[in-house]
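Report on one structure; see the data block that follows.
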Amino acid sequence: MNPHAKLITSLSLLLGTTITISSNHWMMAWTGLEINTLAIIPLISKSHHPRAIEAAIKYFLVQAAASTLVLFSSTINAWHSGQWDLTQLTHPTSCSLLTAAIAMKLGLVPFHFWFPEVLQGSSMTTALLLSTVMKFPPITILYMTSHSLNHTLLTIMAIASAALGGWMGLNQTQIRKILAFSSISHLGWMSIILIYNPKLTLLTFYLYSLMTTTVFLTLNTTKTVKLSTMMTSWTKTPMLNATLMLTLLSLAGLPPLTGFLPKWLIIHELTKQEMTVAATVIAMLSLLGLFFYLRLAYYSTITLPPNSTNHMKQWHINKSTNTPIAIITSLSMLLLPLSPMILTTI
């Protein structure tokens, strides 16, 4: 991609995200979402592969439909209340429409169908942006309107997302699709607690973004896109693969790693809100996700495939130390001792 085009799209992504998260008026929030959508499409389709073009078209159509619903919802609310403020969403129809629109933008069930396909058609770095940066503005809108959303609809979609994200990830061999279903499952965890503790939703999103960024950057460094190539990547960078295994287990939510913190806090909060059944169900559904995270960890470090090389020093390659990956990998695994400090902020 032309450096000037890459600069323009990157600045547009930053601008669109900033406009949405800092706006109080519905039209400004919608404008930021549209800028984001238009900025990411060239990045999805930059390889000019038919799969990438297909992914870009699917992404555009779904995001256009979601943006239309956002406008429709805010307009109905303005007709009945005279308010264009994000926090003044009061009309029941508007609340239901907005819940559906944001679910479509995020990829919650039943609007999840586009997300794995778009990620599979994108490069690793674009897939990383789609999984983290592009979800920040919709999550912010959810945070600001959490008091007026349709609670029943959101809870049903959250549990369905946790179930489908785990179930559909079981049979995948493409790593980007596995991480897409992982994202859908994590969004279920974020959505179910949004009504009771919005700050906890933001904390979960931040930690999820941190761990997902680590996984994507590590896979991009080792040039791994499917399970069969993951088996041989340990010979090139054994230490990086070992830390990848721990990051995947952190993403699964196993103690004493960082990923355990948000799940523990969400289950604790749901129990306090007398939603013990929902907490039990979503905790059991996370076991489905644990299976494919363990499978990824197994393939990355434990499986020993037939090695075609005649020498045992394939890992002696001249690679410079990647400091950013080292830092975010450490954060993805070692933040649990800071939980008392984090608890004081939510």
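In case you wondered, yes, glycine gets a Cβ from its N, Cα and C as well.
According to TrEMBL:
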SIGNAL    1-23  signal peptide
DOMAIN    23-288  domain 'NADH:quinone oxidoreductase/Mrp antiporter transmembrane'
TRANSMEM  56-76  transmembrane segment
TRANSMEM  96-115  transmembrane segment
TRANSMEM  152-171  transmembrane segment
TRANSMEM  178-196  transmembrane segment
TRANSMEM  202-219  transmembrane segment
TRANSMEM  239-257  transmembrane segment
TRANSMEM  277-302  transmembrane segment
DOMAIN    290-343  domain 'NADH dehydrogenase subunit 2 C-terminal'
TRANSMEM  323-343  transmembrane segment
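Counting residues 6+ beyond its ends, the transmembrane segment (56-76) has Cβ neighbours under 8 Å at 26-27, 29-30, 33-34, 37, 40-41, 44-45, 84, 89, 91, 93-95, 97-98, 100-102, 104-105, 111, 114, 117-118, 121, 130 in the same chain. Between the transmembrane segment (202-219) and the transmembrane segment (277-302) there are fewer than 3 Cβ pairs closer than 8 Å, counting only residues 6 or more apart in sequence, so the two stretches are not in contact. Same-chain neighbours of the transmembrane segment (152-171): 96, 99-100, 103, 108-110, 112, 116, 177-178, 181-192, 194-195, 278, 281-282, 285-289, 291-292, counting only residues six or more beyond its ends whose CB sits under 8 Å from a CB of the stretch. Same-chain residues lying 6+ beyond the ends of the transmembrane segment (239-257) with a Cβ under 8 Å from its Cβ atoms: 182, 208, 211-212, 214-215, 218-219, 221-222, 233, 263-264, 286, 289-290, 293-294, 296-297, 300-301, 325, 329, 332-334, 336. Model confidence over the domain 'NADH dehydrogenase subunit 2 C-terminal' (290-343) stands at 73, taken as the mean pLDDT rounded to a whole number.
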